[in-house]
Amino acid sequence: MGKNLKEAMKMLEDSQRRTEEENGKKLISGDIPGPLQGRYENGCAYFHEEEREGLAKICRLAIHSRYEDFVVDGFNVLYNKKPVIYLSAAARPGLGQYLCNQLGLPFPCLCRVPCNTMFGSQHQMDVAFLEKMIKDDIERGRLPLLLVANAGTAAVGHTDKIGRLKELCEQYGIWLHVEGVNLATLALGYVSSSVLAATKCDSMTMTPGPWLGLPAVPAVTLYKHDDPALTLVAGLTSNKPADKLRALPLWLSLQYLGLDGIVERIKHACQLSQRLQESLKKVNYIKILVEDELSSPVVVFRFFQELPDSDPVFKAVPVPTMTPSAVGRERHSCDALNRWLGEQLKQLVPASGLTVMDLEAEGTCVRFSPLMTAAVLGTRGEDVDQLVACIESKLPVLSSTLQLREEFKQEVEATAGLLYVDDPNWPGIGVVRYEHANDDKSSLKSDPEGEKIHAGLLKKLNELESDLTFKIGPEYKSMKSCLYVGMASEDMDVAELVETIAATAREIEENSRLLENMTEVVRKGIQEAQVELQKANEERLLEEGVLRQIPVVGSVLNWFSPVQALQKGRTFNLTAGSLESTEPIYVYKAQGAGVTPPPTPSGSRTKQRLPGQKPFKRSLRGSDALSETSSASHIEDLEKVERLSGGLEQITLEASSTEGHPGAPSPQHASQSEAFQKGAPHPEDDHPQVEGAESLR
């Protein structure tokens, strides 16, 4: 390894020496070797660790080039004619703030250029509006300095119209800098015209590390400038050997991969994007946000389904009758479903490298960018196929959940004791809160009694082992506890679900009240028993007399004349809530039966389910609610047994009712009836139904 490093250093020094001898300049210049050779001619390279550092140095170079007295007068020159740096609204977040901090410029020096709103991509810079802004800045005495264009935006990978932007920059003397992931396609044989126009720009920043899956590889900023003094002042060139070594990891990696290896990795990533894009075109309810279907290495998609009262943003025909609050609610609901879909896909197919992002116009989307992840994660074509299969498997749940939300809301609002909570950020079918008797509806603070009821409700619902997922948490914009119901399938019985929630919560509340009342009754009974026992002790002292209380005299007196005193105590009847004497227990040697306690209040609806059917499922034969072992013949047999058993019970009741009648049958008939009940054949008549019942049993 040491020998290879020495050879590499020697080659770098020889190349530097030859360059200095030919041009008389102390900088690394010439054509860029590798895949970009012949496309970005007469360019220089600056290697840096921070991706944004190269752009900051380019801004310094542009300032020194446009302000000749900046080296002498400093920022006093900028005061009379403020520089303006133009950034796209689709630029990566924090870029403008980073440039101002590095350059020491105020934030008014940044100009945010909006994207297209009527024609073209909504993630491309509006060229006409940019030209208008440049003219306005010139009229105000400002100096248009630099424009940052995107060859693949950070969000969706769209490319600005770099050709038109280059013409505009040449017209007004503006430095054009390009960055983006689509610059990697310059290494391929076919390059789109919009990306190929980036080779005519003044500078560009490339990140070969993520593209090729190379760790600890610096980023590269290519630029064109003829004045070595200004590049040295701007920090783009250096005479220090340590700065020259920055290119060593990248050079070694490129030598290891070779030209064919570099092109193969970039080509493989683009093929993965095209494969996913072609597959998603055949999937319903999936909307793809792709600018160029032939060469875009980034695929952005989202779940999309039109409903009768859906958001006008997501429909082809606007619905002017919807209120802004309804529009925002529908938008947040779709965003929550897409966020859930993205998280599920990331867990199921981790090699895909998906990311969930929020776009200003479209909302929450899922992004697949293999150029940034495939080389590191080892993404293959099989992973893309698995990703498409997972998307298709999740679509029925998403569609049914979106359709059942309104039904769930109506059922909750029609059920007493339940309150529907509008939480647009929850991806399930809805959020519900049980209002107990002591619930303060006007308060937004946490309710301990409500939290206890909802915790018990969550435990009861999870014990049912249904396909639904439940969780409890604070209410949206409040601190009160609520029940969150997860995603649902199309065979979900919403009415049964809501009724079960209401009945279970009501039962928990009543049981809690019964326990509290019982605690209070027991406490009062203990106090009353203590008072009565104290009175009984005083009465016993009065009956026995004072002499029997003296130690020696009392013993002699009790020996001659023993006292026949009954043991008196107190027993507490929990059912009646009364205090009773224990005298009957000692007299009759038996404890009274007391009063039969009332049944525990229960309001849950007991619905007869078929074998294998899970809770909250509609009773549909042949549906997925039945298990694989259940069949139609088994169901018919069970129904026949129920009918026959009902007939047997009716015959038994008739036979038992005739025993006490004056015209009751003889014992022979009674024995025959008894034999009939046991399943024995009748001596006179034949009963095929009984035989069928016995065979089924």
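Yeah, the Cβs are placed from backbone N, Cα and C, and that goes for glycine too.
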Q: Check each of the ranges 12-32, 33-53 against TrEMBL and return the one annotated as region 'Disordered'.
A: 12-32
Q: Please find, within the list 323-350, 435-462, 519-546, 575-602, the residue stretch that TrEMBL describes as coiled coil.
A: 519-546
Q: On the DSSP side of things, how many residues of the domain 'PDXDC1-like third' (408-513) fall into helix, strand and coil, could you say?
A: 42 helix, 20 strand, 44 coil
Q: State the mean pLDDT for the domain 'PDXDC1/PDXD2 second' (296-402).
A: 82
